[in-house]
Amino acid sequence: MNSPKQTYSFIGSSLSLIVLFVASATPIPLYGLYRAADGLSYQDLSLSSVVYFIGALISLLFLGRLSNHFGRRLTTILALLFGILGCAAMLFIHDAGPLLLGRFFQGLSCGLASSAIASWIVDTSHGIPKWIAPAVVGCGPMTGLTIGGVGSGLLVDFAPDPRILPFATIIALLALVIFMVCFGKETVNRIPGAFRSLKPQIALPESARKAFPIAAVTFVCTWALGGFFQAFGPAMAHEQLHSDSAVAAALVFASVMAPSFIGASIAGRFQPRQVQVFGMLSFTLSLAGLLLSLQIGTLVGFLVASVLAGTAQGAILTGSIRSMVAELTTEERAGTFSVIYFTSYTGAAVPTLLAGQFSSSYSLLQVACAYGVLAAVGCVIVILGTRHQARRQAYSNA
């Protein structure tokens with residue numbers, strides 16, 4: 001059973017993860033304003049997402065194991081400070097430069113969140129149902145992105161000074177969470193070698209290595225769709241669904257992010273392998289429905305398909321993370337989460353970069369169809385891969 005201090009730390013670390021992703025979604029509803037008032041192009045907006053992913057990858061590659069040496073709490077505070085710097089840069093957006101700088105700092109912060117803070121969440125989760133920590137780690141980012149997108153959209157549409165107020169609000173919230181984290185429980189014994197830990201190391205313990213190939217496919221497919229919505233959600237609201245509202249843009253983005261916790265709660269009742277297979281099937285079919293609704297131009301159909309895809313996404317991520325972290329020690333978690341999220345961010349960054357390049361020659365619907373193909377291919381790989389694993393396990397037990 002968790003002590004009060006450990007429960008407090010679990011809540012604080014979970015809030016830190018979610019709030020950092022709230023911050024990372026805050027600029028998204030403003031993309032329409034930046035395009036209209038400052039002349040930013042689709043390529044600029046796509047590049048901002050790529051820069052964000054690059055910042056996250058750098059953080060995961062070079063800083064992913066830093067919390068084993070400096071401690072989870074101090075590294076969490078560093079991540080929150082990066083988040084504040086990112087929001088501060090965006091207070092001055094009138095061209096692409098401050099947007100790219102701010103997104104880079106947000107990427108650094110979310111990369112640290114995905115390794116150090118994720119490890120702290122698992123470290124402090126003893127005494128609660130086993131599926132909750134993987135659900136928070138897997139779906140907390142989606143929840144934060146939803147809150148950030150919708151909250152920022154409401155401020156942009158209905159509050160004064162939309163260029164300043166959303167970011168000032170998030171800076172204050174990040175500062176409040178830093179204060180809360182200062183009283184959290186440290187869960188690792190600090191060890192020397194922090195400088196050596198900056199050397200990139202992509203390695204997995206044996207238990208996680210076995211589950212990684214199939215899990216990696218699910219990470220790439222689901223995060224790729226999230227990257228597309230992050231870069232082009234406002235454009236879809238404008239071009240396909242005929243709305244210029246910042247709230248509409250935020251709801252388009254949130255429709256695929258918000259339901260992830262529903263899927264996570266469902267995933268907790270089944271074995272990870274079952275969740276991966278049926279989750280990928282549901283995800284692929286939902287994405288097909290989403291593309292069809294974009295073709296027809298129906299908002300209701302689009303939102304329903306997005307909610308179903310988001311639910312499947314949450315289930316898949318929870319199941320895949322459970323399959324990799326269930327048997328890890330405290331020292332192995334940070335490095336493993338770095339690999340998990342390095343794979344995820346790469347899966348989001350590369351398709352988003354390609355989508356940005358093709359967006360000037362093809363319609364958004366045509367670009368989105370490529371994501372449907374990616375999901376279908378991933379679904380086939382997961383089905384065949386899990387079947388092969390089941391046969392090997394049956395043979396070894398015979």
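From the backbone N, Cα and C atoms, a Cβ is placed for every residue, glycine too.
Copied from TrEMBL, the annotated features are:
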{"type": "DOMAIN", "residues": "1-390", "note": "domain 'Major facilitator superfamily (MFS) profile'"}
{"type": "TRANSMEM", "residues": "49-67", "note": "transmembrane segment"}
{"type": "TRANSMEM", "residues": "74-94", "note": "transmembrane segment"}
{"type": "TRANSMEM", "residues": "100-122", "note": "transmembrane segment"}
{"type": "TRANSMEM", "residues": "131-152", "note": "transmembrane segment"}
{"type": "TRANSMEM", "residues": "164-183", "note": "transmembrane segment"}
{"type": "TRANSMEM", "residues": "211-233", "note": "transmembrane segment"}
{"type": "TRANSMEM", "residues": "245-268", "note": "transmembrane segment"}
{"type": "TRANSMEM", "residues": "275-294", "note": "transmembrane segment"}
{"type": "TRANSMEM", "residues": "300-318", "note": "transmembrane segment"}
{"type": "TRANSMEM", "residues": "339-358", "note": "transmembrane segment"}
{"type": "TRANSMEM", "residues": "364-384", "note": "transmembrane segment"}
*Between the stretches 131-152, 164-183, 300-318, 364-384, which wins on the count of C-beta pairs under 8 angstroms to the transmembrane segment (74-94)?*
164-183
*Which one of these stretches, 131-152, 245-268, 275-294, 339-358, 364-384, has the most C-beta pairs shorter than 8 Å to the transmembrane segment (211-233)?*
339-358
*With a Cβ cut-off under 8 Å, give me the same-chain residues at least six positions beyond the ends of the transmembrane segment (364-384) that come close to it.*
214, 217-218, 220-221, 224-225, 228, 232, 235-236, 239-240, 276-277, 280-281, 283-284, 287-288, 290-291, 294-295, 351, 354-355, 358
*Find the average pLDDT over the domain 'Major facilitator superfamily (MFS) profile' (1-390) in the predicted model and report it.*
87
*Report, as numbers and ranges, every residue of the chain located at least six residues beyond the transmembrane segment (275-294) whose Cβ falls under 8 Å of a Cβ in that stretch; write 'none' if there are none.*
214-215, 218, 221-222, 225, 236, 240, 263, 267, 301-302, 304-306, 308-309, 311-313, 315-316, 318-320, 323, 365, 368-369, 371-372, 375-376, 378-379, 382-383, 386
_Same-chain residues at least 6 beyond the ends of the transmembrane segment (49-67) whose Cβ lies under 8 Å from its Cβ atoms_ = 24, 74-76, 100, 103-112, 114-116, 119-120, 188, 194, 197-198, 200-202, 227, 230-231, 334-335, 337-338, 341-342, 345-346, 348-349, 352-353, 356
